[in-house]
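Everything below concerns the one structure shown next.
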Amino acid sequence: MVPEWLQRLNAPQQQAVMTTEGPVLMLAGAGTGKTAALTHRLAHIVRERLAWPSEILCVTFTNKAAREMRERVGKLTGGALEGMPWLGTFHSIGAKMLRRHAELVGLQSNYTIIDTDDQLRLLKALIQDNDIDDKRWPARQLAGLIDRWKNRGLNPADLDAVENESYANGRGQEMYRLYQERLKALNACDFGDLLLHMLNVLKQHRDVLESYQKRFKYILVDEYQDTNAVQYLWLRLLAQERKNICVVGDDDQSIYSWRGAEVANILRFEKDFPGAKTVKLEQNYRSTPQILAAASGLIAANSHRLGKTLWTDLPTGEKVRVIGVWDAPEEARRVGEEIERLEREGASLEQVAILVRAQYQTREFEDRFIQIGLAYRIVGGFRFYERAEIRDALAYLRVIAQPADDLAFERIYNQPKRGLGAKTLEKMHQHARRTQQPLAAAALELADSDELPARARGTIAELMRHFLRWRGMAEAMTPSELLRNVLEESGYDAMLKADRSSESAGRAENLVELQRAMEEYPTLGDFLEHVALVMENDARDDEEKVTIMTMHAAKGLEFDHVFLPGWEENVFPSQRALDEGGLASLEEERRLAYVAITRARRRCTIMHAANRRIFGTWQSSIPSRFVDELPADHIESETTMTGGRSLWQANWSESEDPFAHVSQSRPDRSSARGPGWQRALATGYDTKQARIPENKRSAASFAAKPRTDVEIGARVFHEKFGYGEVMGQEGNKLEIEFDKAGTKRVIDSFVTLA
Ligand code: ATP
Ligand code: MG
């Protein structure tokens with residue numbers, strides 16, 4: 001008999017809830033109620049007193065998910081869930097267990113968990129002590145390797161020759177061991193240790209293992225497709241005795257392989273736990289038929305998947321919209337307008353999300369939302385202008401614009417590291433106080449005195465010379481150009497390049513995005529004022545807000561209205577995925593697209609821009625291949641450029657200014673944009689000379705100058721329309737008769753001579 005409070009679940013869900021004994025695998029698509037079933041299962045166990053809350057181990061993917069589950073189970077059990085000590089993420093549960101057994105791995109129970117910064121400092125010192133060249137073998141690289149080893153459950157002794165070779169010509173194992181020893185001496189551990197130490201304890205101490213096997217009468221795991229090896233091994237040990245383990249997941253939503261997750265874990269569950277009951281859920285309760293069909297059609301392009309059926313009996317809704325816009329600012333403006341419209345129609349901002357592929361993409365939306373006063377929150381990351389690398393860059397600019405900005409100077413006098421320590425800073429402060437001048441001015445004087453050791457004096461003098469020059473540059477070049485020089489000459493770029501971690505690529509992207517943002521401001525002062533206003537603009541806590549987050553962070557969540565901007569090749573799928581990973585990482589990107597679309601309950605809007613601007617140069621972009629893969633029947637496409645036709649299909653007006661229509665449709669910003677461009681053109685700033693990153697699929701860039709090397713009758717190739725013959729030329733526009741696409745007018749720099 002199914003109790004009444006479980007009646008709202010469907011039959012397979014009820015089965016997953018009621019089959020409390022023995023292993024259960026719930027493998028099902030997005031929005032089918034996996035998490036809901038897991039929550040009810042937990043509540044059921046507690047209500048039926050099959051176990052005390054303290055006898056249940058329940059793992060969620062994020063702390064937020066853990067909080068939500070705790071709350072829901074509380075409601076379902078009528079508040080009976082006071083203590084549920086073992087409900088949380090792998091990390092939080094690991095940390096808690098380790099406190100009780102710290103001494104078994106040579107720690108005390110009050111051990112500290114160090115963060116990434118501390119970890120890097122430690123490694124750096126070790127690298128130096130051991131005479132390894134940290135330019136060739138940076139600390140970040142070693143940190144990345146150690147993380148990976150820990151994710152795979154490998155202790156130093158477990159490394160094979162290949163792993164050992166991967167750092168400093170065969171010194172990986174030695175350095176890993178030294179690092180672990182150092183941590184122990186400090187009574188500390190890093191995040192990776194939380195589970196690895198516990199796995200070691202469970203393996204080496206039978207009594208401890210048995211006590212936990214006895215304790216945990218039931219084990220529940222959400223998002224199982226994204227567990228890594230060490231998590232998997234740890235769970236398997238704990239569940240081996242009673243085997244009352246229920247895992248839920250979706251192979252199509254495995255999106256964390258870059259962090260060591262192995263989708264194979266879910267696929268071999270039935271082998272690890274013979275006789276496991278498999279529950280399939282096929283009814284989706286979240287999304288309209290259109291959204292579901294779009295997502296299902298897209299993921300069908302992946303070859304490595306189990307494949308499953310999904311259906312919904314929710315009423316029919318709108319088609320998934322695919323909107324092509326001119327550029328990123330228009331994308332943000334359009335999203336802002338759509339959200340304002342939703343608001344007018346009575347939607348709550350809490351039910352609106354913008355999901356981006358990369359952190360840097362949030363900037364354009366933040367700027368726009370600030371401008372129109374739309375409250376937003378960034379989940380799972382900092383707001384753009386609060387990110388460390390952005391603050392560093394801004395600090396440089398502030399010192400240039402305002403030499404008396406002590407806070408800014410203090411932030412960057414030794415960032416990147418120049419060997420100026422706390423002692424030097426103290427001296428600078430003393431001198432500044434004594435002479436009543438700003439820190440930077442005091443530094444300059446000290447560089448010319450005997451107060452400091454010669455090396456520090458030289459370093460400061462050089463830095464101050466840089467600042468003098470940059471101040472001169474600020475007069476002569478655009479703010480964005482200035483920043484590019486600053487980042488290069490200060491060594492900041494080099495620091496990021498030397499840093500081979502995955503975050504450093506994101507930091508570099510953020511800095512490129514910052515330069516893009518600056519292009520809209522004629523002077524440094526204008527830009528800094530804008531930033532100050534943005535930073536100040538803090539939405540109230542009790543206000544409804546739009547959520548902006550990465551697709552990765554949105555896993556497991558749902559919103560009525562979802563906007564998915566930047567569906568362009570090299571943005572999504574990301575350039576890194578295309579360059580590095582081959583088919584496997586392309587398929588992971590596609591799974592991410594599937595996760596993103598299936599977050600939407602009622603409306604899903606996908607967007608792509610025809611142009612992205614990089615260092616003052618426009619680059620044309622191609623819509624993501626994922627756009628093409630969406631099933632046409634469930635999609636409604638719209639291009640906002642020049643009244644429904646894309647720019648290069650449109651006939652040109654008399655105006656020679658290719659941006660004319662852009663500014664027309666953007667009166668609020670054209671004034672900010674205009675002078676920058678005019679100045680760039682007037683000073684002969686050749687946009688083609690600007691650095692363009694290697695970009696295989698869309699290398700075309702254009703300046704508003706006609707080309708001289710293309711003649712009437714020439715055979716040319718155009719990225720979008722293919723081969724054709726030039727029939728006419730007018731300014732920088734060419735009329736081309738394409739073999740397949742017919743006659744079009746296109747911008748000359750989009751074609752190459754065939
Ligand atoms: P994801 O794969 O994205 O994590 P999921 O399978 O965990 O999705 P849930 O988040 O549990 O799905 O459920 C999706 C939505 O469907 C939720 O709003 C949930 O409340 C609702 N739901 C789940 N089961 C039912 C049901 N039997 N009847 C009605 N609504 C349901
Ligand atoms: Mg879920």
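Every residue, even glycine, has its Cβ placed from backbone N, Cα and C.
Automatic prediction, not curation, is the source of TrEMBL annotations.
Sequence annotations record features per position, and here TrEMBL assigns domain 'UvrD-like helicase ATP-binding' to 7-288.
All protein chains shown were included, and the count of other CB atoms within 10 Å of the CB of Thr35 (ATP binding site) stands at 21. Following the DSSP three-state reduction, the secondary structure of Thr35 (ATP binding site) is helix. Among the features that TrEMBL reports, ATP binding site is placed at Ala28, Gly29, Ala30, Gly31, Thr32, Gly33, Lys34, Thr35.
As annotated by TrEMBL, domain 'UvrD-like helicase C-terminal' applies to 289-556.
The annotation region 'Disordered' is assigned in TrEMBL to 658-677.
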Relative to the Cβ of Lys34 (ATP binding site), which residues of the same chain, six or more apart in sequence, are found under 8 Å away?
Met26, Ala28, Asp222, Val248, Gly249, Asp250, Leu281
So what's the average pLDDT for the domain 'UvrD-like helicase ATP-binding' (7-288)?
92
Within 10 Å of the Cβ of Gly33 (ATP binding site), how many other Cβ atoms are there?
23
For Gly29 (ATP binding site), just give me the three-state DSSP call.
coil
Using a 10 Å radius on the Cβ of Thr32 (ATP binding site), the other Cβ atoms enclosed count 28
Count the Cβ atoms, other than its own, that fall within 10 Å of the Cβ of Gly29 (ATP binding site), considering every protein chain shown.
25
I'd like to know which of the binding-site residues listed (Ala28, Gly29, Thr32, Gly33, Lys34) lie near ligand 2, counting only a CB under 6 Å away.
Lys34
Additional residues surrounding ATP, by Cβ distance to the Ala28, Gly29, Ala30, Gly31, Thr32, Gly33, Lys34, Thr35 centre under 8 Å:
Asp250, Leu281, Asn284, Arg286
